[in-house]
Amino acid sequence: MSNQFPTLHIVDHPLVQHKLSVMRDKNTSVKDFRALVGEIAMLLTYEATRDLPMTTRTIETPICSYEAPVLAGKKLAIVPILRAGLGFEDGILTLVPSARVAHIGMYRDEETLEPHFYFLKYPKDIAGRDVLIVDPMLATGGSADMAITKMKELGCKNIKLMILVAAPEGVKFIYERHPDVDIYCAALDDHLNENGYIVPGLGDAGDRIFGTK
Ligand code: URA
């Protein structure tokens with residue numbers, strides 16, 4: 001599906017696309033699915049952190065003095081939406097080990113598809129951090145909207161959303177409510193079905209990560 005959303009960044013890399021196709025296959029094991037979520041999380045993080053500010057530090061190489069490019073030390077917090085967002089956590093922390101982690105708990109009512117908030121634990125200085133909210137599936141956008149709104153209420157200003165598979169309905173919803181939030185994903189799928197599942201999608205991401213079906 002073509003991307004008509006200004007805030008949506010699709011990471012159209014061969015490794016990402018191949019790994020996602022394996023994940024979509026209903027015969028892929030829980031063990032492989034979980035490993036692949038972690039691998040794609042790292043590849044998406046690579047793109048989502050591309051604009052981190054840089055500075056230089058003078059170092060001595062074995063040959064000479066050198067003004068070496070280093071991260072300027074902008075502080076990051078990742079915010080996995082429980083529970084499927086936990087699948088992204090280790091992969092992101094592998095690349096950004098000093099990031100702080102806030103957890104936000106939401107479950108979606110299977111009848112109404114509305115998100116219900118039940119948990120939030122966050123670092124005290126979160127308002128001063130860049131925030132990366134993570135959840136594998138952007139379906140209606142209700143949970144992501146609630147998570148972004150909570151982070152804004154805490155004073156966070158620079159917020160990004162990192163997703164595995166997005167539905168156009170969810171991207172549109174988030175874009176209309178939060179045009180300041182960039183969204184990074186591996187794929188923009190076709191539509192949501194009558195049960196709120198993304199088509200073609202990969203099924204219930206939480207069940208497939210944790211083996212709870
Ligand atoms: N949540 C999922 O886990 N999968 C979908 O397809 C939609 C929402």
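Note: Cβ is positioned from N, Cα and C throughout, glycine not excepted.
A139 (5-phospho-alpha-D-ribose 1-diphosphate binding site) carries neither a helix nor a strand DSSP state and counts as coil. There are 25 other CB atoms within 10 A of the CB of A139 (5-phospho-alpha-D-ribose 1-diphosphate binding site), with all protein chains counted. Under the heading 5-phospho-alpha-D-ribose 1-diphosphate binding site, TrEMBL lists R83, R108, D135, P136, M137, L138, A139, T140, G141, G142, S143, D204.
According to TrEMBL, the uracil binding site annotation covers I198, G203, D204, A205. Sequence-distant contacts (6 or more apart, same chain, Cβ under 8 Å) of D204 (uracil binding site) comprise Y197, K213.
Annotation comment: TrEMBL describes 11-212 as domain 'Phosphoribosyltransferase'.
With a cut-off of under 6 Å between the Cβ and any atom of ligand 1, the binding-site residues R83, D135, G141, D204 reduce to D204. I198 (uracil binding site) falls within a strand segment according to DSSP.
Across the domain 'Phosphoribosyltransferase' (11-212), the model assigns an average pLDDT of 96. The most crowded of the binding-site residues listed here (G141, G203) is G141, judged by how many other CB atoms sit within 10 Å of its own CB. Other C-beta atoms found within 10 angstroms of the C-beta of I198 (uracil binding site) number 26, with every protein chain shown included. Within 8 A of the CB centroid of the uracil site residues I198, G203, D204, A205, the other residues of that chain are P136, M137, V165, Y197, G201, L202, G206, D207, R208.
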